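J.: Reproduced below are the annotations present in Swiss-Prot:
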TRANSIT   1-7  transit peptide
SITE      162  site 'Transition state stabilizer'
BINDING   238, 239, 240, 241, 242, 243  NAD(+) binding site
ACT_SITE  260  active site, proton acceptor
ACT_SITE  294  active site, nucleophile
């Protein structure tokens, strides 16, 4: 059952603050097309306030309140946040489903992962204490050297709408664990749960300014945040086009960035698979999260000897997916996030048709849903490598398909993309899977599955899918500066390079 969406302001310096220009943006429920609330629209003036608050949080009490405090001290806050989110799991899941159209069961799993991510980085914060002053072996006995890991400073975090709170947490949790202070700018298409994260931070007593949350449009809030001279690093998840702009802005100040961008990931199906198991993983890999996954395995490569039988089986699986209001029991496919995204997805499908491709199933609005931005799970065959549907990211429930005859051809087709986020290979021959895994030009490979993601494992891409790694121990390293400290251990002996005066 839907719930009321709370009305919030911007979260700056531990307080709710009205945007300086007092503007707000309507929230549209993508399953009903109705306005269910609004969010504050931050601008450059609000960014100034938030960045200043974050800088003060770093310096307060000479850093002892946060940046220079022990990892164990910060871990207590992260665990408190995790506990509070777990306590409010149903509330957060319902808000997520209303805001972005995610099936309620999926949203609930996401909230579990949010709490788990804060718990994991609480552990990482504590582990950071033990890693401080790690000794470095030197070839000279008269010197001792060790390494300090210190927070990089104020970080700007820009997160997407497909996993609104979870992808924000992928950035917030490690940044706070490292001792950074942060300004989070979630997507204006799905900001509600990020604002509720602010309320959780207020409830657990997170020091003012450690986490500031600004909602608003990209050009008006995200742009000023990315290029702000007092922001020491930017982490961005979103489209490749926007990521390029973020990188350009940061480059003017030689500011480090982490980018997780678009994808057009392949799933390679060999002739020895169990057809039903492979069909379900293929559907899940492309249609989970309503097809709006940066790593969606949306290019299906299937061995020519089983292609006809496999596609027939896959179509049956896809037609059996329950498409409904996200709150309906058993929903497995909800609407895409917005009207513009809905129109974009349908345009991709119509362009594929006009270029000569065949729609095996789906391709339009489900007949039983007259309102909402719903698109049927769509499978497109007779695709050439020059077609738009093969080359460009759709970000919707659309799968395109080609066949291959050999392992080498499969690898060539799989790597035929500007992107390199993820890939899947399905075969009972694990030696073959290992060969394919090594040859794929991506940041993550799934063997005999597609899309499982764990907080403990690194996440990121190659090529135009970005660079840097989130999650795992790599996630916290994103927000740390490494400082070498070398000490002369000789007693009163001079260095001896210059002649004594």
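Backbone N, Cα and C atoms are what each Cβ position is placed from, and that goes for glycine too.
Any idea what these are sitting next to in the structure?
T.: In the three-state DSSP classification, residue 162 (site 'Transition state stabilizer') falls within coil. Residues within less than 8 Å, Cβ to Cβ, of residue 162 (site 'Transition state stabilizer') and separated from it by at least 6 positions along the same chain comprise 100, 190, 289, 292, 293, 294, 337, 395.
In the three-state DSSP scheme, residue 238 (NAD(+) binding site) is classed as coil. For residue 238 (NAD(+) binding site), applying a Cβ distance below 8 Å and a minimum sequence separation of six or more within one chain yields 158, 160, 187, 261.
Following the DSSP three-state reduction, the secondary structure of residue 260 (active site, proton acceptor) is strand. In the shown protein chains, 28 other C-beta atoms lie within 10 A of the C-beta of residue 260 (active site, proton acceptor).
There are 28 other Cβ atoms within 10 Å of the Cβ belonging to residue 294 (active site, nucleophile).
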J.: Just to be sure I understand, if DSSP states are collapsed into helix, strand and coil, how many residues of the transit peptide (1-7) fall in each?
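T.: The composition, in the requested order, is 0 helix, 0 strand, 7 coil.
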J.: Across all chains shown, how many C-beta atoms besides its own are within 10 angstroms of the C-beta of residue 241 (NAD(+) binding site)?
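T.: Here the count is 10.
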J.: For a quick check of packing: other C-beta atoms within 10 Å of the C-beta of residue 243 (NAD(+) binding site), how many?
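T.: Summing over all protein chains shown, residue 243 (NAD(+) binding site) has 22 other Cβ atoms within 10 Å.
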J.: Under a three-state reduction of DSSP output, how is residue 243 (NAD(+) binding site) classified: helix, strand, or coil?
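T.: In the DSSP reduction, residue 243 (NAD(+) binding site) maps to helix.
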J.: Across all chains shown, how many C-beta atoms besides its own are within 10 angstroms of the C-beta of residue 239 (NAD(+) binding site)?
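T.: Within a 10 Å radius of the Cβ of residue 239 (NAD(+) binding site) lie 16 other Cβ atoms.
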